[in-house]
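Enquirer: Pasting a structure here, questions to come.
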Number of protein chains: 4
Amino acid sequence: MLHLRKSLYRILETSAGKRRGISLAFNLVLITIITLNAIAIVLHTVPEYNQRFARLFTDFELFSVGFFTIEYILRVWVSVENEKYHHWLWGRLRYIFSTSALIDILAIFPFYFSLFATDLAIVRILRLFRIFRLFRISRYSHAFRLIQNVVKEKKEELILSTMLVVFMLIIVSSVMYYVEHPAQPDNFSSIPATMWWGVTAMTTVGYGDIHPITPLGKLLGGVTAIVGIGLFALPTGILVSGFNEHIREHKTPRRKVCPHCGKEI
Amino acid sequence: MLHLRKSLYRILETSAGKRRGISLAFNLVLITIITLNAIAIVLHTVPEYNQRFARLFTDFELFSVGFFTIEYILRVWVSVENEKYHHWLWGRLRYIFSTSALIDILAIFPFYFSLFATDLAIVRILRLFRIFRLFRISRYSHAFRLIQNVVKEKKEELILSTMLVVFMLIIVSSVMYYVEHPAQPDNFSSIPATMWWGVTAMTTVGYGDIHPITPLGKLLGGVTAIVGIGLFALPTGILVSGFNEHIREHKTPRRKVCPHCGKEI
Amino acid sequence: MLHLRKSLYRILETSAGKRRGISLAFNLVLITIITLNAIAIVLHTVPEYNQRFARLFTDFELFSVGFFTIEYILRVWVSVENEKYHHWLWGRLRYIFSTSALIDILAIFPFYFSLFATDLAIVRILRLFRIFRLFRISRYSHAFRLIQNVVKEKKEELILSTMLVVFMLIIVSSVMYYVEHPAQPDNFSSIPATMWWGVTAMTTVGYGDIHPITPLGKLLGGVTAIVGIGLFALPTGILVSGFNEHIREHKTPRRKVCPHCGKEI
Amino acid sequence: MLHLRKSLYRILETSAGKRRGISLAFNLVLITIITLNAIAIVLHTVPEYNQRFARLFTDFELFSVGFFTIEYILRVWVSVENEKYHHWLWGRLRYIFSTSALIDILAIFPFYFSLFATDLAIVRILRLFRIFRLFRISRYSHAFRLIQNVVKEKKEELILSTMLVVFMLIIVSSVMYYVEHPAQPDNFSSIPATMWWGVTAMTTVGYGDIHPITPLGKLLGGVTAIVGIGLFALPTGILVSGFNEHIREHKTPRRKVCPHCGKEI
């Protein structure tokens, strides 16, 4: 029993040492199931496919939840093999409240909850939660850890520039509301409504559903777009330089050797 | 009396030494009131909330103005504690005309003025001015000082690229007016009206309310968008590199050693 | 015969040594024909020109295919002059399956195939393939090799950020679908349909054919646009820095000296 | 006479040495007249202002042309004071064909030509040419020289990335034409018409007057926008880094002195 637990731990968590082949195969199967889940959730909303493959969608959902549930139980069982979660009870409880285990439970919980839910609105929201199964893939993704690190490192600058964007958005939308409201009382009906214009103008999306029509409003709209580009460039530039730094640091710093004397330089 | 003035000065302005705890608490209260003011001003324009919470909005406005007025009077009273504004009359007058005191008066002045205003248009504009209460928060914000410094440092380059943008906007809009006016006399009715198109094209907002329809106009519109991206990248790039420089300088104060005498500089 | 093959090889492939003048002239003719082909393919779809110059288009097509066919046969014939493709049969076969020779055959193959095709749909697709004749110019273009190198060098980072964009797109579109579907069942009819909105919002194109109208949807739409700008800045920033590095490296070949022995490396 | 020519030369061209004050005043007057001309040309197209200030516009146009004409004649007269244009005839002729003198003549020529033009279409185009008077200001602008230098330095990279953009535009528009033409024969009527979509998609302007509606077209449209952002980032990034390099080089490289030993480091 203990031997089985050790083997299972190696397969599920370490991907190293003995059982490395099986571990790799298992992880590939898991990633495939997660990806298929994402595709199923997306295609399931297309009425045409939903009717035609109704049975297939239900079966696959049952299979996925079953697979994820067994996997989750096994992970909790073997978690004590990890030194961090050594104690048979407290260790397991601490594992259950670790980020990756919480994501795992979030991926299956909506299904079980929806069995008891009778309210359609809640079932709808629970269905939406299934999309977060996709986050299970973050366990494997190098990219998520990179993003996490960059955001953590540049936290201060990002908060600062986000504050500036929000501040600017409030000021600009307030002024625009007073300028355009008399001319377009329906579109610019209140400052919160004007903020929707503010966001589409500052991000240069410009859907065209709401835009100034008075000369003063157009002038203000033009200045907003120009300043918005500059303002949004800040978090962007900060993120890009953060990534570049990270990537440079983590790339193997090529050891160079002088071809004449053989010493490292 | 003098002792009270000293204590109050410490609470209102320094946030250091004795009374540091009270000063911190006071500043938190002030920031909260300013933030609530911003929320009130924004929500106040939503007809639904305005009717339902009419009394609450009025009361909060009265409370805020009262609080800000007392705070302003106290700040003027204690300002002589600062060495810069030592003289009991001239010092206080100089304090009143300092940037931060002017922002403070701008936050309360519209209320008092609107008591005597009978013209509705003026009352509307005065109401708009209330949004500038948000600027009071700049007293606390590290971000505003950073922006100010970067803009000051890169002033020359920013003016230069703004000039280029304006220049390009006039040329492009003039040519576009002559190209599209015969085909769309309503949309491209004059060069100033065409400038609205010019701004939305060069900033890539593109609301869709005005766009060229003739082949020549489309060609010019395409070139404008392409050149516009390049042109707007200039101030953006300048700002981003300015911020990066500033942040880098203030983060790791590189220890430098003189190569001649070996001492740190 | 062997002498002729050698001369032809020099003209067609090397652009160096003897026959350099003729080689240059031939390549200029080839680039001109390719460029004229691109113009013909583009203008050929304008009904007005298609009717007026129908004969000219047909004749030019026949001439181009003839020219490209003869050129292709000659290139295969002389390919054995290259050391890489020395063997009279295997060498030629290997040349035929090289990238540039495959592009060459792709440029003429659709014409011959369409002679036997009776299905109009297939003829339409074959006509579309003619546009890939433009890729023949890549043989001469320094730019394509640069792009290729940068993409190869930054492959890892580009895959990583593309994954992030796709991931974000799925999550955002799924949530938006559940938020906006009840309000706009026609526009946000399914998650794949919502993804079209997701792409236009995250790239800030914003055609305006589909956009959120509920307050919650607008809030999500605004956050999506803001995060989208940051997210799309990553591959962009990676590419730009990749290009800058490449261009810098190839411009100033910094002379480096080994600090131990003083010799250049 | 010669003395007057010398004085005039100093006023008009050098802005240094004796007469520096007068030279500065003259240049300020000139810049003011050019700026007023730009404003007049722009406002002149607003029907309302055109009717109300018709007389003022005509008078100011006459005054401007008169001023520019006299100034031009004087500049040609004194040009021989410059060593480069020493010869009384050939020197003056060479001055007349210098860039800045050509811009000067372009600013007044349309007026004189329009006196003899009877065709309204030609008069319209000549009126358009007046906007190029704005370029006269480039004589004073530091910014134009900077742009010119950056573009010259990065010429190769800019041509390369422009080529890529055009290439991509042709390929994408051709494929999109074959995909969307059957569904929207009016909007995607030909490849050149589809190119208008291509430009608005790749620059992310997105007016909304033309966009794909078929699933395949939307997929292609999404990929185009994403790749377009990356592609347009290239010339942008090149320009920004070019400007940064230039500005850094031309900023006074602060001489630093060690505070301990006084030697420069």
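The backbone N, Cα and C atoms fix where each Cβ goes, glycine too.
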Enquirer: Which of these ranges is annotated transmembrane segment in TrEMBL: D:119-143, D:219-243?
Expert: D:219-243
Enquirer: Under 8 Å between C-beta atoms and at least six residues away from its ends: which parts of the chain pack against the transmembrane segment (D:158-179)?
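Expert: Those are 151, 188, 190-191, 194-195, 197-199, 201-202, 212, 214, 216-217, 220-221, 224, 227-228, 231-232, 234-235, 238-239, in sequence order.
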Enquirer: Other than its close neighbours in sequence, what residues sit by the transmembrane segment (D:219-243), given a CB gap under 8 Å and a spacing of at least six beyond its ends?
Expert: 146, 150, 153-154, 157-158, 161-162, 164-165, 168, 172, 175-176, 179, 198, 201-204, 211-212
Enquirer: To what whole number does the mean pLDDT across the domain 'Ion transport' (D:25-246) round?
Expert: 86
